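Colleague: So TrEMBL has the following annotated:
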REGION    46-121  region 'Disordered'
DOMAIN    231-377  domain 'Pseudouridine synthase RsuA/RluA-like'
ACT_SITE  Asp274  active site
Amino acid sequence: MWLGGRGWFGVLEHWRCDLRRPSFARTWSGFKGSMAETLSTQVGTAGGLRAPHQQNGDAGGDARVEPTPGSPKPAGQEVEPAPVGGEHPSAAAPGLGKRKKRRGATGERVVPPPKKRRTGVSFGDEHFAETSYYFEGGLRKVRPYYFDFRTYCKGRWVGHSLLHVFSTEFRAQPLAYYEAAVRAGRLHLNEKPVQDLNIVLKDNDFLRNTVHRHEPPVTAEAIRLLAENEDVVVVDKPSSIPVHPCGRFRHNTVIFILGKEHQLKELHPLHRLDRLTSGVLMFAKTAAVSERIHEQVRDRQLEKEYVCRVEGEFPTEEVTCKEPILVVSYKVGVCRVDTRGKPCETVFQRLSYNGQSSVVRCRPLTGRTHQIRVHLQFLGHPILNDPIYNSVAWGPSRGRGGRIPKTDEELLRDLVAEHQAKQSLDVLDLCEGDLSSGLTDSTAPSSELGKDSLEELAAAAQKMEEVAEAAPQKLDTIALAPEKAVETDVMNQEADPLCAECRLVRQDPLPKDLVMFLHALRYKGPGFEYFSPMPAWAQDDWQKD
């Protein structure tokens, strides 16, 4: 989100004017008499003619994938509105087909044209240098850092104030927080500090919000290089590390770790692995190679083989599951078997059984989200430590045979409540700020700050901003409790007076709790085949701790 909880608010929306509408296709010669009067009246009422917006929607899925910060919106055609209560600017000009750019009436806020989009989406040294790692208790941790979330004004925000947008769409923080952020100089509109939240947004407005960002820890297990040539890089991904920036994760991702620690940059992921899934992960080094292999994927030329450990004694014979899978919630990241879902097929073969759990080989013939995990749940043999599909939230049968004695809303509520109690919302790719009344009745206590406290913090933050101007290489922050914040000038990026997360004390997960027993064992395609070693939990003599 734009305030540091979720990445999706960083996604840049693009709008284009549709000049083919009949109202714009008319020639200016028809604007006479009553037609001109009607046009003028409409403009005076609506505040100017506006072409319709066409929004290039989110990619969806895991969405919650974060774009390269600073990637500006591509320039597009603009239809200039007619001035209020006056003649159209081109009506008196020779050449009725030409339009003059409107510079804005006296005192009217002028929006600069959108910048051209940089070609390619990649992360470079300036992104890798935002912060650093440290290791503690078997975990890889990211030092908190300042980050700019950037976005162009969405179509539905046009004509509304920033105050309205924050109060209706970004309720993770009270309005007092946003007011404090304005006073601290954290919010920018078209690269100018926002002075008043009542400012009304216009098309092409560019917003930037500076937040203090915290990332969840991941396993300290190293990313092993399996193969590298001029076309691809193949690694053995540990469980718990996302492939690319998404949600709260940015530096604790495979893309960033490879760039920061192995100098492998501008990589193109060739397939998906869930954050909790380990094993073979392939990257293309060029867009051309990426397109070639993706075409092989579309043509079903790529063979994938996984191994997992499941509950109970799996059948000895080969089992094929063809149940369709429906996404229950993209936000929470939960799917289930449903006749309305997309067709998919997985072939299972038991490899061993130790008296309590079975090791099973899985060959997905399609590539739906959570396909292996959902099919195993349906078969009554969920992955032994799957935090979603082996949860009591599914009911007594835990989803076996598709039997779920509750509505989707009740299921999501119970899943969220379970992981909120365990402080493990990251499993659902959620943070406290994402919870709405539609999912749970609980609220994050960190957001409930008094207005007086926030005003104190804003003053402290503003003071630190002024110090930072004299030392631009250092970021403004202080590392004391709110009541002590105004008494120090300590420059420390790891604590921030406006950051609610800084005041929370979270218990670190145990490294073993970050491992799910699902592993990508083999990927094979035309001219290549890559293997990953069998994990320890897949050995025949393995016993649960």
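Cβ atoms here come from the backbone N, Cα and C positions, even for glycine.
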Colleague: Note the mean pLDDT of the domain 'Pseudouridine synthase RsuA/RluA-like' (231-377), expressed as a whole number.
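Modeller: The answer is 94, the mean pLDDT of the model over that range.
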Colleague: When you measure from the Cβ of the residue listed as 'active site', how many other Cβ atoms are you left with inside 10 Å?
Modeller: 19
Colleague: Tally of helix, strand and coil residues over the domain 'Pseudouridine synthase RsuA/RluA-like' (231-377) according to DSSP?
Modeller: 28 helix, 55 strand, 64 coil
